[in-house]
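A short write-up of the structure that comes next.
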Amino acid sequence: MKTREMATGQDEGNGTPASSGRSFAENQRLDREPNPLKATARDVCVFYGEKQALFDVNLDVEDRSVTALIGPSGCGKSTFLRCLNRMNDTIAGTRVTGRIELDGRDIYEPGLDVVELRARVGMVFQKPNPFPKSIFDNVAYGARIHGLAGDKSDLEEIVSTSLQKASLWNEVKDRLHEPGTGLSGGQQQRLCIARAIAVSPELILMDEPASALDPIATAKIEELIDELKENYCIVIVTHSMQQAARVSQRTAFFHLGNLVEVGPTEQIFTNPQDQRTLDYITGRFG
Amino acid sequence: MAGYAFLAIAVLSIVAYFIGQSAGRRFQAQVGREVHSLPVYHGAFVAVWVGIPALILVLLWLLLQGMVINQLLLASLPDDMTNGVSSARLSLLLSEIHNVAAGRIFTEPSPAIVEAAERYAVWERIARWAMLVVGLSAAIVALFVARSRLAPRFRARNGFELFVSGLMIACSVAAILVTIGIVASLVFEAMRFFAIVPPTEFFFGLNWEPQMPIRADQVAGAGAFGAIPIFVGTLLIAFIAMLVATPIGLFAAIYLVEYADSRVRNVVKPLLEILAGIPTVVYGFFAVLTVAPAVREAGSAMGIAVSPNSALAAGGVMGIMILPFISSLSDDALKAVPRAMRDGALALGATRAETMMQVLLPAALPGIVGGILLAASRAIGETMIVVMAAGLMATLTLNPLDSVTTVTVQIVTLLIGDTEFDSPKTLAAFALGLVLFVVTLSLNIVALKIVQRYRESYE
Ligand SMILES: Nc1ncnc2c1ncn2[C@@H]1O[C@H](COP(=O)(O)OP(=O)(O)OP(=O)(O)O)[C@@H](O)[C@H]1O
Ligand SMILES: [Mg+2]
């Protein structure tokens, strides 16, 4: 909670308040002040069995901003993202070395409870994956398992604010008890975002959240991400360079398991330092 | 001789195949891509033409030969032997002739019979040779006909495909006909039973004593065919079996899917599948020789009287038998829940137990219920274990320590020993069989429906 209160100071540094109509230049101003770091990765290597998928990745994630991970397919973007909430633990035979800190605390240290970590680090997947439960129960799920709501009205409050933040409230407020799987793809994805927000995570990971959606639903999601960054730290994997440019402040380019280049989004897209980045953003491979 | 005929037809078909194939090759060499079908299809087309009609001819011949020769034999016998004689007597006469012809002589046969037997032997030999000749000439004629039809633009592939689809239709029709035949015979015999014993007595009577010698005029009166005790006994044993199998199978599946690491899984899964491979007669042994005495001793140690073939022993062992069923179907159902569902819950910070109880199990529930219903239908229809370990006396009780009997046990005992095919005792077996069939069929249909609907919801 303490980090959230600092937000007012940061807003001015970020320029205009959240809105959909923000232009590329405003969003990615090079001269904006850097935010404090939310997460840091140092020399992170990931092995799937014998196969190494990530090589010595060093990356800083700023709070209250959007960090985009881009790169050709199979370069390890999802792998890195899954390190941040230790979802890699659920894949048998995976090994992570190096150090990843969240608010200065090593998330791979033995004493840490992954359940607690995942309550602080939310995740939105590529394909919307609502549970086969009602819309209400979907959003309330995390709050229930973590005991965030004291009574029924608390829970209703959490559900409605989460749905509002995910800008889904108006579309579903009359059908909260219908199954979440009955919504359209874009609505389902926003439902999943609401479900993640409902646990009040500090960091939200999104793995190609709009890749299964049509352009209009995609625009809604992007708008939403832009609003969410006022309160949350977001790391997003995307294949669309336009999307990275539109929503992110910092961009990291991965290639063959290496972090090639990371910097302010504008710099990555206008003045990349590495030849491979240039080739990728100009569409020469990937 | 029939064997030679089949062999000859097979050899001819193979020859025909190569003739057709080489013709096809020649067409290809002559006109190249213009040939409609590949050489193999030309070969297959000719082979089918040669093989199938000849085969049908020989089979029909074998079917009819005996009948025709018998008619001829009867006609050739002196009139005084056949005139006004019952058909049963005639068939005895024929079998005597066959026996004499085969050299199996029990009593000194009359000269007319000996003569007839000689005629029979001759006709029989002629008929066999004739069959061979007819079959082979049919095959050879077909070979020429089929070969003459081959041409570069001839659609040999379509012809062969037509034959293959005909073959598949014939096979499925045969399977359906057999099923219909079995059901029809069950229904027919059961109706004969219900003509003697009213259905109300069968379905609602509380007294089952079919083994008593019953005179025809007493049948309907005594109330000896009330099947309720049997139905109750069947359900009791199946219920005990489900009580054993459902929790163990379900928890085993949960453990294997979510908790066991791959080394444990690689050992435990095959072990569970071995359980499914044990012949039921071995389970029967185990129930009679090990479990039943153990249950009995445990009972007497506690001062409770336990019947030597208690429902508990039979049901418990049956539960072990259907356990792999439930565990593997639940395993499949749990695995079929999309990984995204599981990841979604874990990423929200749910523990593995919470993920299992609140997300995976509810999502897999229809599949699991389907599996349980399938297992229940197995338990109700299971025969060997209960024949060996359950009782024969139809006592109406819900006490698992008593001896009860089941539908399958009764069917077996009704049909063992001296039976007469129109006594209600024998016919009762068909009525019981019909009930069993209807119950297990509906359980299976419901279970498959549930499983299917559930599959669709994730596709
Ligand atoms: N569960 C796994 N087991 C083994 N190897 C894996 C597994 N998941 C990913 N990999 C491998 O790790 C490498 C990086 O995969 P990752 O999914 O992180 O790529 P990505 O950048 O997200 O690609 P995409 O853009 O296609 O999603 C790939 O070579 C992939 O084959
Ligand atoms: Mg990926």
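Cβ atoms here come from the backbone N, Cα and C positions, even for glycine.
The domain 'ABC transmembrane type-1' annotation in TrEMBL covers B:231-447.
Among the features that TrEMBL reports, transmembrane segment is placed at B:40-64 (among others).
Per TrEMBL, transmembrane segment is recorded for B:129-150 (among others). Here the transmembrane segment (B:129-150) has long-range neighbours at 1-2, 4-5, 8-9, 12-13, 16, 19-20, 23-24, 27, 42, 45-46, 49-51, 53-54, 57-58, 61-62, 65, 156, meaning same-chain residues at least 6 beyond its ends whose C-beta is under 8 angstroms from one of its own.
Positions annotated as transmembrane segment by TrEMBL: B:162-188 (among others). If one looks beyond the transmembrane segment (B:162-188) by at least 6 residues along the same chain, the residues whose Cβ comes under 8 Å of a Cβ in the stretch are 45, 48, 52, 430, 433-434, 437.
Residues or ranges marked as transmembrane segment by TrEMBL: B:222-254 (among others).
Per TrEMBL, transmembrane segment is recorded for B:274-295 (among others).
For B:302-326 (among others), the entry in TrEMBL reads transmembrane segment.
Residues annotated as transmembrane segment in TrEMBL: B:356-376 (among others).
The transmembrane segment annotation in TrEMBL covers B:383-401 (among others). Remote same-chain partners of the transmembrane segment (B:383-401), defined as residues 6 or more beyond its termini with a Cβ less than 8 Å from a stretch Cβ, comprise 206, 208-209, 228-230, 232-233, 236-237, 240, 279-281, 283-285, 287-288, 291-292, 295, 299, 304-307, 309-315, 317-318, 321, 408-410, 412-413.
Residues or ranges marked as transmembrane segment by TrEMBL: B:427-451 (among others). Packing against the transmembrane segment (B:427-451) from elsewhere in the chain are residues 183, 185-187, 189-190, 192-194, 196-197, 202, 210, 225, 227, 230-231, 333, 366-367, 369-371, 373-374, 376-377, 380-381, 407-408, 410-411, 414-415, 421: each is 6 or more residues past its ends and has a CB under 8 Å from a CB in it.
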Stretch with greatest number of CB pairs under 8 Å, the transmembrane segment (B:356-376) reference, B:40-64, B:222-254, B:274-295, B:302-326 candidates: B:222-254
Intrachain residues whose Cβ lies under 8 Å of the transmembrane segment (B:40-64), provided they are six or more past its termini: 2, 5-6, 9-10, 12-14, 16-21, 23-24, 27, 127, 131, 134-136, 138-139, 142-143, 145-147, 150, 154, 156-157, 159-160, 163
